Amino acid sequence: ADCVGDGQKCADWFGPYCCSGYYCSCRSMPYCRCRSDS
């Protein structure tokens, strides 16, 4: 279960998934990126 960290590209529907403590933000199109959820 690989995960990607802060600022890395992610796709919340099929992966790659963000590491624990991050969520996938798609506001900066065309890419989704992991942001800290704190």
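Quick reminder: no glycine exception, Cβ is built from N, Cα and C everywhere.
Taken straight from Swiss-Prot:
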type: DISULFID; residues: Cys3-Cys19; note: disulfide bond
type: DISULFID; residues: Cys10-Cys24; note: disulfide bond
type: DISULFID; residues: Cys18-Cys34; note: disulfide bond
type: DISULFID; residues: Cys26-Cys32; note: disulfide bond
type: MOD_RES; residues: Ser38; note: serine amide
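Listed in sequence order, the recorded positions from Cys18, Cys19, Ser38 having a Cα within 10 Å of the Cα of Cys26 (disulfide bond) amount to none. For the disulfide-bonded residues Cys18, Cys26, counting C-beta atoms within 10 A of each C-beta gives the highest total at Cys18. For the disulfide-bonded residues Cys3, Cys19, Cys24, Cys34, the greatest number of Cβ atoms within 10 Å around a candidate Cβ is found at Cys34. Cys24 (disulfide bond) is 11 Å away from Cys3 (disulfide bond) when you measure Cα to Cα. Figure note: comparing Cβ neighbours within 10 Å for the disulfide-bonded residues Cys10, Cys32, the maximum is reached by Cys10.
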